[in-house]
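Features of the protein shown, as given by TrEMBL:
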BINDING   Ser114, Gly115, Ser116, Leu117, Glu135, Asp163, Asp181  S-adenosyl-L-methionine binding site
COMPBIAS  256-269  compositional bias 'Low complexity'
REGION    256-279  region 'Disordered'
COMPBIAS  270-279  compositional bias 'Polar residues'
Amino acid sequence: MSFVEYEDTIKDGDTAIVFLGHESMFPVKVQHGTVTQTKYGVIRHSTDLIGKKYGSKVTCSKGGWVFILHPTPELWTMNLPHRTQILYSTDISIITMMLELKPGSIVCESGTGSGSLSHALIRTVAPTGHLYTVEFHQQRAEKARQEFREHGVEHLVTVTNQDVCKNGFGVSNIADAVFLDIPSPWEAIGHAKSALKAEGGRICSFSPCIEQVQRTCLAMEECGFTEINTLEILLRVYNVRTISLQIPDLGKAAEDNSSTDFDSSNTSNQGSPCTNLQPGTVQFKSGVPLREMVGHTGYLTFATKSLF
C-alpha cells in the first residue's frame, strides 16, 4: 500500500480508511488476527479485510456495513492523529498551485507537524521529486518517519530533526519551492533562500497572525524576494434546498395569465415529486449559506526568489 500508488487489494500491514458516513470515518492499520470495533459491530481483519478489494462493502457483526477505502492525502487530512494544528485541503490546494509544484519538483518544508501537508506535497512531486521536511520536536519527527514508512513513501521524503531557524534545511541550491509553517518564519527566510535553486524558486509562509506576516514580508524584502503577496482563503459552503413561494398578485389580467400558465405547467409536470403544492404557489431550488462556517485559519504569504 502506498499513498502515491493505488492498489486494488487490501494486504496485511496496510493503512485503510473505514468509512461509516461522510461525517464519520477513521484510519485503521490492517493486521492479521486483529479486530476493529465500530457502532455497527466488529470488523475482523483476517476475514473481512485482508484479500478484499479497496472500496468493498463490509458487513459488521451487528448487521451494519461500512466501506473500506484506499488512503489518499485528502482522506488522511480528515482522519490523521493530530500532534499539532494542521493545514486542510482548502489551504493545501492553493499552496500546491502557487508554489508551481509538479512531478519531479524538490520541496523544502518546516515544520512537519502532523504531516497533513507533507502527504499532499509527496503525492504532487512523485515519482521523481523529493520532500525535505524539518521538524524541531524530536518525537514528532520520529513519528513522521514512522508514518511515511508505513504509508510507503519513505523513498520520497527526508525527515530532519533540527531548528530550521538556526541550522536551515540541510540542503543548498536544490529546491524548487520552500514552505514555512513555524512561529517565527522571518528568522528562516535566509536559510530558505539558500535552499532554493540559483535560478530562482517560490516560497510560501503560513502564519495565523498578521504581525507575523508583517515581519516575514520585511525579511523577504531584505533578502531580495520579489512578487510578495499575502492572501487568506475562506471556504463558504451553501445548502441547496427546495422552497415554496406564493405567486404574487399582479392584478386581474396578470392573474388570469399566470393562472393559465400555472395550470399548464402543472399538467406538464404530472408525476413529478412536487405534488403537494398549494394553489397559487411555486417551488424552486435555492442556495443558502450555512449559519456556521470555518473562519480564519491563517495568512499565506508567497514570494519569488529574484535572479539578481
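Placed from the backbone N, Cα and C atoms, the Cβ positions cover glycine too.
Source: prediction; values computed, not measured.
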Practice task
Within 10 Å of the Cβ of Asp163 (S-adenosyl-L-methionine binding site), how many other Cβ atoms can you find? Include all protein chains, please.
Solution key: 15
Problem - Residue among binding-site residues Glu135, Asp181 with least C-beta crowding, 10 angstrom cut-off - result: Asp181
Exercise for the section: List the same-chain residues at least 6 positions away in sequence whose Cβ sits under 8 Å from the Cβ of Gly115 (S-adenosyl-L-methionine binding site), in sequence order, or say none. Expected result: Trp76, Leu80, Ala144, Glu147, Phe148
